[in-house]
């Protein structure tokens, strides 16, 4: 399994690579003119020109190019770029776009591509296939590669076992530095990228790690056990990738050993394999809070529809709760129709205040900043912020209503309703996700539906209830 | 400047470190019982016990411990842990918590702490100080450290220049591998962590890079120019940290050279310095979309209030737009008060549909997946999803209203209004951020205010307008 050695030739490479320079803007995006020029060349049948333009690009940029092409242009583009669109490009590609390209290939071609990739990338491609396709591709692979991929696929999805590389450098405790260096020099089949070597006991249990920079700087006669760090993070092979990502981030790890249930070294994870997971997990909250599932612009329309419509239907149900409350007050509304205009303000601003608290709370959970140690402190903090916000906004709205509608009593009612709803929103914004989390649910997934239900209901209840109870409705 | 060599002693270290094992749960969070026990020991005046418990922890966990303590417990805790709470712990700490601790220290102590840190960490601490404090601390620092920090502070905030390390290995083009290794062995003052060496021309312009693993495996007599990779990413020193993070992520970089305006090598950035920025930038969208500024649970209440109340006040203004529309229809509402209950459903579900599209669009911008090449395709895609969602939800709501209120004509009106609003929401959810982006604004910051204004206004206008125009209001 090999990996590309090409490194990004960005515009700032100082003219090392003029082809790529004009292709990419200063934020590493492909320039629209470049994309158009390549697509025009393909459409004009000038494959040679297209290949000349694309050849200097990094695989990640070739992948971007194919993603940026319209769906009906992609097949032609990929055909024109045969040989350039290789396994590395596929590994970098958005999975939805990749899936449509792979659907056109047979098991033999897929097996060849998988064989060209590191195990983790091959697994990423194979795990998306239908089971019978997956079996066909595995049968067509080289026995060694096949065994590595099958072993990885045996671990749960999104676990460390699927992410790890099996290629790593492990040396026995009794070796000296010189022997390590000789071993590295004499062995052809080494991992492409490694930053540490692992020291293992006879039982293949890891006992320490050495940074390569330490190995390089140490005299040959020094035993590795004298220079290794004995404290190290061991990642259990079934650990969830989100926890792996958080651990890399928290301890600023560059690579870490992966161990099986018996504590034996079975693989390693390097930070470059985990960076995209850190990014995905961190941006997931915004998508989950908005109810869009994966939220990928390359997702097929049908899939986007299915994931989003469920959320909207759930919202429809919670909106009915608020509507039912309003319906109880139709008598008051008939007499004082302006309440129908004021209710939505109180409900809406309360909803926004709750969303603010929710976003902060969900992020604190995701980054492990909120635990049962500081739970009640966080609730107290949000209530204090809500009281300050409530007073300010209630005064603004109350005085505004008093003046515009020339009714100080209505202003007072609306101000009090606004205050009530913002404080309710602040409490709900932290208590709803806390409760969901204690029940074992992901607070980012369902919180905002419950929250909106609470702030809408409380908003209308406060406005209509206070207006009716205070007697300003005649 | 030195760095801690401690690596996380997580529960899975197999008993290497029993102290830390019982302190940390399987998701790398400090156990609440452990936190309580330490705090109880400090309160009981048993500093020795507290120090014993905390000493085995990684600096990142010590920082967590201090963050998890209540504000009035922190000073006592830090005092009890004197010596353990060192520069490395401060570097790992949440900036709000750190600021309150640093406020208690004098310039000499701060200078000592900054001198113990890598330049980038020292800069992170010093850049938060008031200018006169910063000057006092700089004056108290060692000349070498001071020069490095001052140079870094001269670069714009959040730029590559503030993130980079100045310590790196750069060797001339004419060296052989043996000389590189001898140089590394004989030099004491080397960076703590490095994974690549840089090859530079006489003008100090980078011409290539070598991975350490390649250096280790190559015979001593080989010239470095024969094994170096000539294509490399050069990061301009004034590049924004968000773009640096995206580049590391896109090209799976482990380290990269930083160059000044003249193309000379001035520093390097390693992936472990950038992982927290990747995380921050990725999670920023959820916070920006909700209008909570930094959205940190450690932020002082006053600061949270100031950043959130502005957003709520802006929402108040946009809510008035919808209220003004409703007010035009008070005549219709007096006659058919149920409209006051149905309007919020159409407005609210429309708002949610718009938020879904907005979250997807903002994420696509943030990850550079949406460019002017595929802009109109994205709009078309969202409209198609909106049409599907609109038909489904409009049918559900329309039929529901027809049955519950025994009024097919009202059901028809509400269904049509719902359809109109979901399609409007889908278009606004992608066009609002696109427009803001073309105007040079960050689409995550202001989009949701405009979006809610549009979906609220359109929701009420459609319900009340269609009901009035259709003649079902008598």
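Here the Cβ of each residue, glycine as well, is placed from N, Cα and C on the backbone.
For the domain 'CBS' (B:228-284), the DSSP-based tally of helix, strand and coil residues reads 24 helix, 16 strand, 17 coil. According to TrEMBL, the feature domain 'CBS' maps to B:228-284.
Marked as region 'Disordered' by TrEMBL: B:1-28.
The transmembrane segment annotation in TrEMBL covers B:311-330 (among others).
A Cβ distance under 8 Å defines the sequence-distant neighbours of the transmembrane segment (B:336-365), meaning residues of its chain 6+ beyond its ends; these are 285, 289, 322, 326, 329, 378, 382, 385-386, 389-390, 393, 397, 401, 405, 410, 414, 417-418, 421-422, 424-426, 428-430, 432-434, 437, 443-444, 447-448, 451-452, 454-456, 458-460, 462-464, 467, 472-474. What TrEMBL lists as transmembrane segment is B:336-365 (among others).
Under the heading transmembrane segment, TrEMBL lists B:386-406 (among others). Sequence-remote contacts of a segment are chain residues at least 6 beyond its ends whose Cβ falls under 8 Å from one of its Cβ atoms, and for the transmembrane segment (B:386-406) they are 338, 342, 345-346, 349, 353, 357, 412, 414-416, 418-420, 422-423, 425-427.
According to TrEMBL, the transmembrane segment annotation covers B:412-436 (among others).
The feature transmembrane segment is assigned by TrEMBL to B:448-473 (among others).
With a cut-off of 8 Å between Cβ atoms, the residues of this chain six or more beyond the transmembrane segment (B:412-436) that come close are 342, 345-347, 349-351, 353-358, 360-362, 365, 375, 378-379, 382-383, 385-387, 389-391, 393-395, 397-399, 401-402, 442-447, 450-451, 454-455, 458-459, 462-463, 466-467, 470, 472.
Summarising model confidence by region, the domain 'CBS' (B:228-284) averages a pLDDT of 89.
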